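Peer 1: Let me give you the structure first, and then I'll get to my questions.
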Amino acid sequence: MILTPTGRTGTISTSNGSTRRLAGTGGHRRRAGEVDGRKDIQQRQTAAVSPCGSNNGGCSHLCLLSPSSRTGYTCACPTGVVLGDDERTCHNGMDNFLIYSRRTQFHMISLDMPYISDVWVPIKELENAVALDVDILNERVFWSDIANRRISSANLDGSDLRVVIDVNIKTTDGIAVDQVSRKLYWTDADKNRLEVAELNGDSRLVLFDKKIDKPRAIYLYPEEGLIYWSDWGTEGRIERAWMDGQHREVIIEDLGWPNGLVIDKAEMKLYWIDAKREQLECSNLDGGNIRVLVQEHDMHPYAIHLHGDYVYWTDWHYQAIKRARKTDGSNMQTVIGNVTELMDMKAISRLDDIMANPCSTNNGGVPTSASSPPWGSLALARPVSTFRPMAKPAMMRLIFFSPPFSFSRTVPTDFLLFSSRTYIRRISFDTEDQNDVILPIKDFANIIALDYDSVGRKIYFSDVNQDVIMRANYDGTDVETVVRDRLKVVDGLAVDWIAGNLFWTNAGKDKIEVARLNGSSRKVIVDKALDEPRAIALCPNRGYLFWTDWGISPKIERSYLDGSGRSTLISNVHWPNGLTIDYEEERIYWTDANTGRIESANFNGEERRLVLGHLNSTFGITMFQNQLYWTDRVTYMIETVTKDSGSGRRAVLQNVDNLMDIKMVTPSRQTGQNPCADGNGGCTHLCLARPRGHICACPDVPNARLCSSIPGAPDLTPPTTSHPPLLETSTATTQTTDRRAPNQHPNLIPNNVPPANGINNQIPVINGATVKLDSDVYKNQTMFVLDIPGTFGILVYDRFQYHCCSPESESEGLCTRDGRMNQGGSLHPNAGILALLVACLLSIFTIFLLVLIVFIWRRQRRPRGCGYSQSSASYFADVRFNAISNEIAPNTHPDDRSITYCPKQHGKVSNAELARMLTDSNGGGACGPDPYMSKYIPTEKCNNGDHEYDAVLEFWEDEKFKPTRV
C-alpha cells in the first residue's frame, strides 16, 4: 500500500502494464465528519509495523531496513567493527586495528573490514603526542607528550584520562607496554635514558643511562624476557638486553637513523626502518642475516609495526601510512594518504594470546607498591624461563636471598640530596647506577636551602617564594611547615643533630636564627654587621657555627652556637656561596661563584689552600668520605673531585636546570657528642653548645613553658596574662621592643592598632614634625634627618612606611592614623610628648653628634640595592636567581608610581646628589596632598652591563618641615 502525499486515492502501474487503484479516502472532496488527511497518514504509519520496531530487530547496534532481505532488515555495526556469526551481535570494538598519532590527535583504522575507515579517538588536550602503545588487557592507550613532558593514559574511548609520569622526563620518543608483567618501558632522548615503572607510574627504575645516545623506539619480547631499542645518535645502532637491564649487547651497528622497530614472534625476525638510508630492513633476532625489504627514494619512515602478512610504517615525507609483504617487501601499498604530522603507530589485535612469564602472576611474588612508597618493588622478566625477583628501583635498598626471598622497603643509607627550584632530588650511593629520583614533594616554586636530621630521618628545606621552612620524611612523605613567620630569603639551613636545633640565615632581614627542629623556641643569635648571609654549617661537637656573607664586605665568619665568640675567618672572597665541613680534618670548604674557585681552610681560617679553580657558577657544596660534590648553575651539572688534590674531576649528574643547594645525607656525617646530648643539657628550651660547655637560651617570644637560662631549672608554667608576651629584637644600630600592652602609647590613636616604633622605641620628632612608624609593616629600623643645604626631608634606610603630620595640621588636630587630613577628628598631644620635645631641644648638641656619627657610618656602609624603585602598592612574586648578580632576587610587578634609580656608577652616592635626583625625578609631598608618596628601592644588588650601581632606599620630603641644623 502506498499513500499519496495528500492521502488521496491514486493509481500505480503494475508489472503487466495495467493500473491499480490506490486505497485512499475515496474521493476528491472531504466529506462531513471525515478525518483530516494528515491524521490519516499518522494513523496509517502507526498501523504499519516496522521489523526494527520490536526490540531493535534483535540487533545489538544498528537495525537497517532492507527490502531485499528475507527479514526486511539487516543488522549493522559502527565503523570498523565486525558483525558476529549470528548476524545480529557486533564485536566489542575493533578486533584488529592500527592506532596512530598525529601530534594533537589519535586515530584508529580497522583492519577487520575490506575498506579503510579512519576513526578519531576522542582524547583531548594533546599538544605533541609522539610515542604510544596500547594495554590490550585493560583497553587503555598510553602515550608521551613531549610538549608538556609527561606520559599519560586513557581508555580507548577517550575517557578516564590519567597522568602516569610527569616529573624528571623530557623527550620520550618510545613507549612499550609489557602485556605480560604489566610494566611500562620508555626511552628519553633528552636525558639519554631507558626507564621502566608500573603501569600507574610507581616503582620507577632507570635501566640504562650510560653509553646511550638519543634512544628512540623500544620493543618488548616478554615471552623471552628481552627488550630491544634503537639509538640514532652519533653511532646508529640497535641493542637488546634482558628486561631487568642485565646482559646488554649491541646486535646491529653502523646504521643511519634507526627509528621504529618490531619483532615477528612467529618467524623470529626483527624489522626496523632507517630514515637516513631510506629503507626497511630485517634480520634474525641476534642481528644476523640482514636483508633490505623496501627502499624508496625520499622516504622518511618513522614508526613500524606488523599485522598478519604485512609490515606497516608511517612516512613523514609522503605523509602516508604504507604497507608491504613482510617476507619480501612486495605489494607495497598506501593504506591512507595525505595525513600530516604522522608520528608513532601500533598494530593491535585483541585476538592475540598473551603468554605468561614468572612475573605475570602476582608480580612474581614481589609485593607491589599498593602499600609501599612510589618507588616500591619491580618484578622483571629474564630469558630462559627465569626472572629477577626484585629489581631495585632507583633509591631503593633491596636485600636478596634464595627463594623464599625477602626485602627491605627503606630509602638508601647514603645519598646526595639536592634542590632544583621546584623539586628535591636524590642520588643513591648504595647502588652503582647513581641515578637521580625526584621526591614526591610538590607545590613549591623556589626551593633553595637543604639539610637533614639523620636521627629523625627528616629533610629540611626552604622555599624563598613562600618564605617558609619545611620538612619531610626521607621518602618525601609527611610534608609539614616548621617556620613561616618573619622570614625573608632563607638561603642556608643547618641542623644541630645533637641538640635537636635548626639554624638558618635570614638574608632578607640580615639575621641568623635558631629554633628547635619543630620550629618552637625561635631566637635570633646574630643580627649585627650582617649583609646577605647565605650558607651556614655547624660543628656541634666543637660548638662552632660557620657562615658565608656575600654582601658589601664578603667574608666567612665563625661564632659559637649561641652567636658569641664571633670572628672573621676569611675576608678576601667575593661571592662565597656554598659551605661544608670536613669533621675529621676540621677544615671548611667553600665555593666562590665570582672567582670560580673551591677553597679550604682550617677552623681558624688558616692554612688556606686552593682545591680547584676555573669553575663557572658554583652554588652548593658538600662532601662524602674523600670526595667533594658541588652544583653548577651554568653547566647544569653536579661534579666531584677529591678533597685534597682536586683531582679525578668527573660529572655525577648532567642536564639538570636550576641546581641550588646540595647535601650528602649519611649517618656517618652526624656523629659525636656535646653537653646538649644528655637531656638537652638540662635546658628548658634551647641548648646551645660552646667550645667549653654550653648555655641555656630562651626564645625571643616566650611560650607557655617557663624558660630558664640556668641548667636544671624546674619546669614550670608561667601565670596567665591578659596581654601577649614581650618581643625583643635588635638591629645593627638600634634595639626596639614591640609591646602590645593594654596601655598603648598616648600619642597613638586608640583603635587596637599596633604602637609606633622608632629610635629607642620613641616616636621621633624630626624638625618639628611627629613621625610615626607603622610597626605592622616595618620594625626595628634606623633613620636620620637629611641635613643638606637646599634640601629638606628624611632619608630612610631599609624598609619604612612613615605616617607624618605637619606641625600646623597636628596642632589643629587634623591628623589621622593614616597620616591624611581628618576634617572632624582631633589628636591632642600628650604631656609626655611635650616633655620629650623640650628634652630634645635642650639636648640638641648631643643629638647632633649622634646624628653625625650615624650619618658618617651609614655613608661608609654601601647600600645594598638598585635597579628599580618600589612603592607600597607593589608586590613581590616569583623569586628567581639572577646568575649575573649572584643573588636570589624577586621579580617585581610595580605599579604606575614606581620609578627606576641607578644613581651613580661605581662608588657611593652623596646625599646631596641623592636629594637632587629624587627631587628632580618625582619629589615632594610626603605630608602634603599625598602623604603616602614613597620611593623605595629594595635591598638587593644589581648589575647593568659592566657597571655596578649603588642606591639608597627611601626619601621623604616636605617644605612644611624644612630641617634646621641641630
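Backbone N, Cα and C atoms are what each Cβ position is placed from, and that goes for glycine too.
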Peer 1: When TrEMBL marks a stretch as region 'Disordered', which of 1-42, 883-924 is it?
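Peer 2: Checking TrEMBL against the ranges 1-42, 883-924, the region 'Disordered' one is 1-42.
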Peer 1: Near the repeat 'LDL-receptor class B' (457-499), which residues from the same chain, at least 6 beyond its ends, have a CB less than 8 A from one of its CBs?
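Peer 2: Apart from its flanks, the repeat 'LDL-receptor class B' (457-499) reaches 373, 375, 411, 417, 419, 424, 439-441, 444-451, 505-509, 515, 517-519, 522, 533-538, 540-541, 545, 547-548, 561, 579, 665, 670, 672-674, 676-677, 680-681, 686-689, 877-879, 888.
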Peer 1: For the repeat 'LDL-receptor class B' (500-542), give me same-chain residues lying six or more residues beyond its boundaries with a C-beta closer than 8 angstroms to one of its C-beta atoms, as numbers and ranges.
Peer 2: 449, 451, 453, 455-456, 458, 460, 462, 469, 471, 481-483, 486-494, 548-553, 559, 561-563, 566, 576-581, 583, 586, 588, 590, 603, 620, 672-674, 676, 680, 685-689, 691, 697-701, 703, 729-732, 864, 887-888, 939
Peer 1: With DSSP as the reference, give the number of residues of the repeat 'LDL-receptor class B' (268-310) in helix, strand and coil.
Peer 2: 0 helix, 25 strand, 18 coil
Peer 1: By DSSP, what is the split of the domain 'EGF-like' (675-708) into helix, strand and coil residues?
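Peer 2: Output for the domain 'EGF-like' (675-708) reads 7 helix, 10 strand, 17 coil.
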Peer 1: What are the helix, strand and coil residue counts for the repeat 'LDL-receptor class B' (543-585) according to DSSP?
Peer 2: 0 helix, 23 strand, 20 coil
